[in-house]
Amino acid sequence: MKQSDSSGLRVSGLCYRVEGRTLLDGVELSVSPGESVAVTGPSGSGKSTLLMCILGLITPQAGTITAGGREITGLGSARLAQARRETLGMVFQFGELLPELTPVENVALPVLLDGGRHQDAYRRAEELLGELGVPTGTTPTGMLSGGERQRTAVARALITEPAVLLADEPTGALDPEAKEGVAHLLFTTARDRGCPLLLVTHDPSVAGRADRRYELQGGILAEAGAL
Amino acid sequence: MRTSMRTAGTLVRIGLAAGRSTPGDRLRWWSLFGAALALAFVTLATVATLATYDGRETRADARGAVITDGKHGALLYREGADSVGSRPVSVLFLHLLTPKAPVPAGVSRWPEPGEVLLSPELLRTGRSEGILTRYGSFAGTITADGLVTPSERIAYVRVADAPPKDDDRWMHVAAFGAGGGATGEMADQKPATSTLLALWSLTGLPTLALTVVAARVGSRSRDRRSGLLQALGGTWRHRMIVNVGEAAFPAALGTLAAFVPYAVASVRDIRLGPTGYILDHRDVWDAWPTAAGAAVVSLLAVLGIVVGTHRVHRDGRSTRPASFTSRVPAWRLLVCGIGVALVLTSQYVPQRAQLAVFTCGTIVMWAFLSSVVALLTRHLGSWLANSGKRKGHAGRMIGGRWTHAHPGVIVRLALAMVIGIGIVAQMQVWTSRLGVHSQAAVATHQRIKDTVIQLTTGGMTAAQTDRFRSSLPAGSLLLTRAFHDPGPGKDPWVTIAGSCRDLRTLHVACPADTKPAAATSPQVQEMRRWYGNVEFAQVPHVTVKPDSTESLLVVTPEPGQLTAVKQAAYTLPNPSVQVETLGGNWLGSSRAHLANWIQLFGITGILFILVAGAVSAAAECVRIRHALAPLSVLTGHRRVFRSVSSWHLTVPLLIATVLTGAVTAWHSVFFISLVQEGSVSWTVLAAGITTCAVVSLTVGFLGARAAAREADQWRPAAD
C-alpha cells in the first residue's frame, strides 16, 4: 500500500452542547500518522458525536480540528466536502453502503464521484476487496453477509487513501470471527499506511488493539483509567 | 386457542406500532386513508347508482299511465317532446273525460283546461325561454313523488279544447300507477350495467391503482419485516395479521370518511357536476344498509390488496430475504400477450363478438401490463447500470441499479401515467362517438343554427295556418312538408310546398317563373341533406292533413327565434304539437349527453390517478432522500443527486411516456376502426403525453431536491 503523507489528526478545545447537555467539553486529542486511538464510553456519552464533528457533519460550538494538515472547522460546505473527500475516510457502524450496487461499485464510488479514472477505481476496488476477502462478482452488496458488508465499508474508506481514518463501532454487529477480521484489518491497514486511526467502540477487545485508549464521559475525554 | 389469540393480538400490536414508526409513515398513512376513501367512494357510488335505478323504476311505475280502450278511458293522454336549451323535455298533453279522472303520482289534482303543471327543474331552466306560458298558464309544480329524478324536465299540459277525434296519437287512460312508463328521463334510460361499467372503468380502475400504490408506499421496510417474520417461522397468516394491523386504522378511517359525501347525498339532493343530474336523496337514504355492507366489502378489499401486495417471494436461490431481486413470473407476461392477441384478433371474429373480445383483451392487457413494464424496466435498469459502470458515470450506475432492483417504483408511476393517458384518450374517443345522425345534427346547427323549424301538428285548415303565420316572428316563412311513400321498390320523397313569395325567398323557383332561381339557400341545402329527395311545389294556401303525413316547416329570417316559434305553436287550438329544429332531436339525444357522464367519471378517475402518481412519486422521493443522503459524506457536489434521480426516475418515466403514447394511440385507432365511428384527437393525446413528460421531469427534480435537502442534515443512524 502507498504510504500516506498525512500529518495526523489534531483536535483542540472541542466543545459541543445540545439541548442543555454537554457532550464534548474542551476535548483535546492528537493522533499521529500510523497511530491508532480507541475511544470508549457509555452509550450517549458523545463518542459518535466526536467523530461526526471531525467528519464535519456536526458543527461544534468551539474548538479546532486539523486533519492531514488541513483545518476542518470553519470551512464552507463545498470546501468541507472537498476536505472530507480528500482527507478523511470513514467506516460507519452500519456500513451506509448502497445495497443495490455490487461491492466493487460501492468501493469505487468515492473515486467516481470525485471524477477520478474509473478503470483505476474498479481495479483498485477489486484489489482492496480481494485483500479483504470480499467476493467481487455481480452479487449486490445487500445480499452479502454482515462481515462482508462491513469489510466492503472498510475498503470504501480506504480507496481514496485518506490522511485520517475514522471508524464508528465498525464491529458492532459482527460475529466474533468477523469482528476479529475487521478489527485486524483496520489496525494493520492504518499502521501499514502510516495513517492515523480514530476508532469508537464499546468492545474492550477491539479497543485493546489500539496504541492508545481514551474514555469519554461527561464530555471529558481522558486516557483510559485516568477518569 | 388462547395462545393463538394472544399471538394474533401481539402481531396486530406490532403492525399498529409499525404503522407509526417507519420512514415515510405519515405518507403511507395518508395514502392508505385516501385510497380507502376513494375505493369506498366508488363502492358507495355503485350502491347509490343501483338504489337510484331502483327508485327511478318505482316512481316511473307510480306515474305510468294504464292505457285502455275508449270505453273505460277517464282521460285522453298524448306524449310529446320539446327541449329547453339542449335538454329534452317530456310534455304530456291531457284531456279529461270525467271530472274524477285519476291523477298520477306527484300530482294532487289536475289543473284547469289551458293550464300546466311543470317539474321544478323545467321551471328553473325554462324560465328564460318563457316556459311559464309556453304550453299554457302555469298552475303549479309536480312533486318529487311524480319525478324519476329531481332533475327531470316534464310538463303535464291540460289542453283547452278537445283533441280531434281522428288523431290516433291520443290514448285513452284508465288509471295511473300500474306499470312502467317511458316518459321523461325513462324514455332513453341506459341499463344500470352500462353506467356501472363506465363508473368502474373510468373511476374504479384508477382507484384500484391508487390502492395498490398506497399499499406499497415505503414497502422496503415491510418487505424486510415479512422476510424476517418468515425466517422466524411465521406463516402467511402471521404476516397478514401484522400487515392488516398496520393498515387497518387508516383504511378504516378512510372508509368511514367516504360516508361523509354519502350522508350528505342521503339528506339532500345533490347535483352531479357536468351532467346536471340530481341524485334523489330518498333513494340514497333507503340504501344505507346496503351501503354499510358495501363499505365493509370495500375495506376488506383494501386490506386484501395490502396483504396481497406484501407476499414473500421464495426463489430458493438465496438464504437471505429477497427484497429486491424477485423475478416477474413468466405466466403474467404470457397472459398480457394473450390480452394483446385478443385485441389484435377482435376484428376477425364475428361482428357481434368484436367489441366484447376487444374489451376483454383490453382489460387483460392493462391488468397484466405492469408485469411487462416491470420486466422492461428491470432490463432497462440493468443496461443503464452497466453503461454507467463502463463510462464511470456514478449517477447512471446508481440510478440503473436502483431501477433494476426496484422496478415497482417505475411500474407504479408508469401505470399511473398509462391509466391517466388511457382515460383521457378513451374519454375523447367515446365522446367523439356521437353517431352519424348526431354529427349531422351538430353540423347542420353550425351552418344554419335554428332557422329551420319543424312542427308536427294535427290537421290544420288554411285559416288556422294563416292565424299561426301571423303569430310567427316577422319575416318567417311557413311551408308544409309532405312525405310520400310509393311502396316497396321505389324511393320515397318529400314535397315542400308554400307560396311563391316564400319559395322565392328560399331561392326556389316557382312554376310561373321564367328564370331559374339563383343559388339555393343554405336552409334548402340542409333540408335536402335531411329529407333526401325533395320536390318543391307552389300552393295558394298552406294546410295540414290530419293523417300525420304532413307537417309544417317554419324558416325564420334569423337564428334565435325558436322560442318565439314554440310560443306561437303551443297556443294553437290543439297545442299537442312537437316543435324542433332541423335534426334537433339528435342534438339533445341521450347519446349527446353521454359525453357529460364520461367527463364526470373520467375526471374523477384522473383525479384519483393523479393522487396515485403523486403518492408514488412522493414515496420514491422519501426513499431516495434516505438512500442517497449518505453520499453527502463522499461528495460535496449536489449534481450526483440530480444525476441519480434523473437516471432512476426521469429517464425510465420518459421512455414509459413515449411507449404509453404509442400504445394508447394504437389502441384508440384500433377501437375506432372496430366500432367505425369517432375520431382520435391527436392534440388531446399530445397534451396527455406532454403532461406526463413534465411529470417525469418534475418527479426527477423533486427526488433530487429531497435527497439534497436530506443530505444537508444527514447523520448516520441505525435503520
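Along the chain as shown, the residues are counted starting at 1.
Using the three backbone atoms N, Cα and C, a Cβ is placed for every residue, glycine included.
Taken from TrEMBL as is:
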TRANSMEM  B:29-53  transmembrane segment
TRANSMEM  B:247-267  transmembrane segment
TRANSMEM  B:287-309  transmembrane segment
TRANSMEM  B:330-349  transmembrane segment
TRANSMEM  B:355-376  transmembrane segment
TRANSMEM  B:409-430  transmembrane segment
TRANSMEM  B:597-619  transmembrane segment
TRANSMEM  B:647-674  transmembrane segment
TRANSMEM  B:680-704  transmembrane segment
Hey, which bits of the same chain come close to the transmembrane segment (B:647-674), Cβ under 8 Å, at least six residues off its ends?
343, 346-347, 354-355, 358, 362, 373, 377, 380-381, 384, 388, 395-396, 398-400, 402-403, 409-410, 413-414, 417-418, 421-422, 425-426, 428-429, 617, 620, 624, 680, 682, 685, 688-689, 692-693, 695-697, 699-701, 703
Under 8 angstroms, Cβ to Cβ: which one of B:355-376, B:409-430, B:597-619 has the largest number of such pairs with the transmembrane segment (B:680-704)?
B:409-430
When each of B:287-309, B:355-376, B:597-619 is checked against the transmembrane segment (B:409-430) for Cβ pairs under 8 Å, which one has the most?
B:597-619
Can you tell me which parts of the same chain pack against the transmembrane segment (B:287-309), counting only residues 6+ beyond its ends and a CB-CB cutoff under 8 A?
32, 35-36, 39-40, 43-44, 46-48, 50-51, 208, 211-212, 215-216, 219, 239-240, 243-244, 246-248, 251-252, 254-256, 258-259, 262, 266
